[in-house]
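*Asks:* Have a look at the structure that comes next, please.
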């Protein structure tokens, strides 16, 4: 009996030992894992969920919301595309898609600056930063060229011209970024993450040139006789101006701010990530949404004036007559009545001559030397003056000469 009890006590003392080992291992893993992240998360993605470094979560949320809004705008533009009837508003649709694609790339690139660096991530950062900004600035420059033509001439370039200009301008930055990676990584066999901040900024000089040209071009969109397109030019001006301010701030912070606050490279990635998210939202709010809204508006229809509406001011009769060029039936009726009057006089003369011939023949006299005259017409063919003829003749009706009986035939 005592042996059985002793064996049970030994088994109860053995079972807690593995459980304690498991708890100790879990505690050690929790100590090494950041707060807010799971146990199986790779170390390079810790900044996406680390509650101790809250900047990563905030920038991640802002970039994710911007990406969703951009996708929604692309979907709306794609669905409403068949209903766009205005030719001038339909031409830049492809350019809008290209701009939204570049903006979506900026929001996606933000995540590459939140996670930890490795060779692949650094190559993506160095290549896509300049290329995506070049795409957005090229689309803005093409849009500024289009609005300038609309403001001055009322017509815009063709769709393929706008897209071709944007792609050709972006291709220059693609070549620059490719050469930078090839010369530093492949030829010199340096790590992709081993680059100085000044080298990163120098590789973006072409983007700065595009931004400056776009800002200057947008100023000319406010000068022209077609005023309804100046709103588009004003939004382009605001977008480029805010983008220029963002670039001045991030380059100052990236090149000089970290050394002044003695943080080393600790704030380099947050600075670049915040720049991408802020630039993307500026593009969405101040350019993409207004342009898509203006593109989807119904075409303007000029309604004819309601002449029975007493609330409208009266139009001048002289101006209305001069603008409409109404046909004047009065002159035509007057000419017609004058012809009728002449025909009546000729009939009266013919009737008098015929009466004289009859009287001379009854008296045995020879007819006069005036020749034969037509006889008097029947009463059914006698001229009957109209009301218009009476009005034009001053209210008097021409009468025929009296016959030999003394009565008028009319």
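For all residues, glycine too, the Cβ spot is worked out from N, Cα and C.
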*Asks:* Taking 330-355, 356-381 as the choices, which stretch does Swiss-Prot tie to region 'Disordered'?
*Replies:* 356-381
*Asks:* Swiss-Prot tags one of 200-220, 305-325 as transmembrane segment - which one?
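*Replies:* When 200-220, 305-325 are checked in Swiss-Prot, transmembrane segment belongs to 200-220.
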*Asks:* If you check the topology given in Swiss-Prot, are residue 47 and residue 222 found on the same side of the membrane?
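*Replies:* Topology check (Swiss-Prot): residue 47 vs residue 222, domain names differ.
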*Asks:* When Swiss-Prot marks a stretch as transmembrane segment, which of 95-115, 389-409 is it?
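*Replies:* Matching range for transmembrane segment: 95-115.
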*Asks:* Take the topological domain 'Extracellular' (256-271) and average the pLDDT across it for me.
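*Replies:* Looking only at the topological domain 'Extracellular' (256-271), pLDDT averages out to 78.
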*Asks:* Please indicate, using numbers and ranges, the residues of the same chain that are 6 or more beyond the transmembrane segment (95-115) and have a C-beta under 8 Å from a C-beta there.
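*Replies:* 44-45, 47-48, 56, 59-60, 63-64, 66-67, 70-71, 73-74, 77, 121, 124-125, 128-129, 132-133, 135-136, 139-140, 142-143, 146, 159, 162-163, 166-167, 269-270, 272-273, 276-277, 279-280, 283-284, 287-288, 291-292, 295.
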*Asks:* Using DSSP, how many residues of the topological domain 'Cytoplasmic' (221-234) fall into helix, strand and coil, respectively?
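*Replies:* Going through the topological domain 'Cytoplasmic' (221-234) residue by residue, I get 8 helix, 0 strand, 6 coil.
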*Asks:* With Cβ distances under 8 Å as the criterion, find the stretch in 57-77, 127-147, 200-220, 272-292 that has the most pairs with the transmembrane segment (235-255).
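*Replies:* Per the Cβ count, the answer is 272-292.
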*Asks:* Run through the topological domain 'Cytoplasmic' (78-94) and tell me, per DSSP, how many residues are helix, strand and coil.
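*Replies:* Residue counts in helix, strand and coil order: 11 helix, 0 strand, 6 coil.
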